[in-house]
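Okay, these came from Swiss-Prot:
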ACT_SITE  E99  active site, proton acceptor
ACT_SITE  C346  active site, S-methylcysteine intermediate
BINDING   C119, C123, C126  [4Fe-4S] cluster binding site
BINDING   G171, E172, S204, S227, L228, H229, N303  S-adenosyl-L-methionine binding site
DISULFID  C112-C346  disulfide bond
DOMAIN    105-341  domain 'Radical SAM core'
Amino acid sequence: MPNSKTNIKAYTRQELRDTIAALGEPAYRADQIHRWLFSDWVTDFEKMKNISASLREELSRRYVIPSCSFENEAIEERSVSAPETSKFLVGLHDDEMVETVLIPSPDRHTVCVSSQVGCPLRCTFCATGYMGFTRNLLASEIVEQVLLVNERLGDRSPDNHVTNMVFMGMGEPLLNLNNVFDAIETLTNQSYNFSLSRKRITISTVGLIPQIGELARSGLSIKLAISLHAADQEKRTSLIPVAKEHTLEELRHALHEYADMVKEPVTLVYMLIEGVNDADQDAINLIRFAQGFLCKINLIDYNCIVNVKFNPVKAEKRDRFIHTLVNAGVHVTVRKSQGASIDAACGQLALQKKNKTASRPY
């Protein structure tokens, strides 16, 4: 028989306040409950010791406290001196799953979180897009990806914790803005047991212009990364079908406004794909796109996925592309892909442990 109780973690923070107020409780009571759920990570109302016994009983009657869990972990084999990337299969309360990636380095621990189960945008180079879309993640499910990774890091060393977070996992975060905003508010609450600063959080998007404006107006001042991959309209649309909804000039204008508002450079992510976007003219187009606003370019190699006939560029072609950008005075970083051997690199997340391997749906 299905459980008729409501998942209390499905509420945003404001919804929780409204719900607790409807029970005749003061507003601060909801904040106490929220702290128990997300800072102390309790799974039993009886452990909420500063909540009255009568309210604990009422909450137990109405609600459940589900938690996400690790279903599987894959660790990339690397040299002893290099930290290994780990990919976690995270089970959700309704038996759906997402993937979360931990990318360690000597001075930080970056967690790459998912924001949706699957993705509706069908980017042609991305395994997640071939899965199709199931649903948005709750704010709690985003937060718990960080909690789970923190727990795993603590097992390895008591002083370890997540220092940076990127919304670059499964899904398009700007299609789930309310839950993404709520998760960020929780994770950056300085009175909670996290050590995350908003300045260490990056949201990656394919470039949904109305939502970029909403993010700019939110006051969160989060760093923004754009999956650009081509500065030619036709080429970009062939890689990112939703790009047909707005011109590159409209996107550029939105990014210019965002950078001006948050006083942070926008990162233009450009994945080099052999014979697709690696020509001299492609480099020139990218230079032109990047002119006139605060931005930097991250070049990354294409990471191969099942049933997709793209290939990474050869080293000589990549070096020529980089040389063209540098000679034009463009700020460019060549980002080394981590996690490719365990299908945890950019574009490779596709729930393979759940037998949802990438296959073309169209």
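Keep in mind that glycine also has a Cβ here, set from the backbone N, Cα and C atoms.
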For the recorded positions listed here, C112, C119, which shows the highest count of neighbouring CB atoms within 10 A?
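Counting Cβ neighbours within 10 Å, the top one is C112.
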Cα-Cα, whole number of Å: E172 (S-adenosyl-L-methionine binding site) versus C119 ([4Fe-4S] cluster binding site)?
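C119 ([4Fe-4S] cluster binding site) has its Cα 6 Å from the Cα of E172 (S-adenosyl-L-methionine binding site).
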Return the count of C-beta atoms lying within 10 angstroms of the C-beta of the residue listed as 'active site, proton acceptor', excluding that atom itself.
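I count 26 other Cβ atoms within 10 Å of it.
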Would you mind reading off the Cα separation of C112 (disulfide bond) from S227 (S-adenosyl-L-methionine binding site), to the nearest angstrom?
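Here the two Cα atoms are 15 Å apart.
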If you compare CA-to-CA distances from E99 (active site, proton acceptor) to each of the binding-site residues C119, C126, G171, S227, N303, which comes out shortest?
G171
Considering only the binding-site residues G171, S204, S227, H229, N303, which residue has the minimal Cα-Cα separation from C119 ([4Fe-4S] cluster binding site)?
G171
What three-state secondary structure does DSSP assign to C119 ([4Fe-4S] cluster binding site)?
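Once the DSSP labels are grouped into three classes, C119 ([4Fe-4S] cluster binding site) ends up as coil.
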Using a 10 Å radius around each Cβ and all protein chains in view, which of these binding-site residues has the most neighbours: C126, E172, L228, N303?
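Within the set of binding-site residues, the most crowded position is L228.
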Could you round the CA separation between S227 (S-adenosyl-L-methionine binding site) and C126 ([4Fe-4S] cluster binding site) to a whole angstrom and send it over?
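Checking the Cα atoms of S227 (S-adenosyl-L-methionine binding site) and C126 ([4Fe-4S] cluster binding site) gives a distance of 11 Å.
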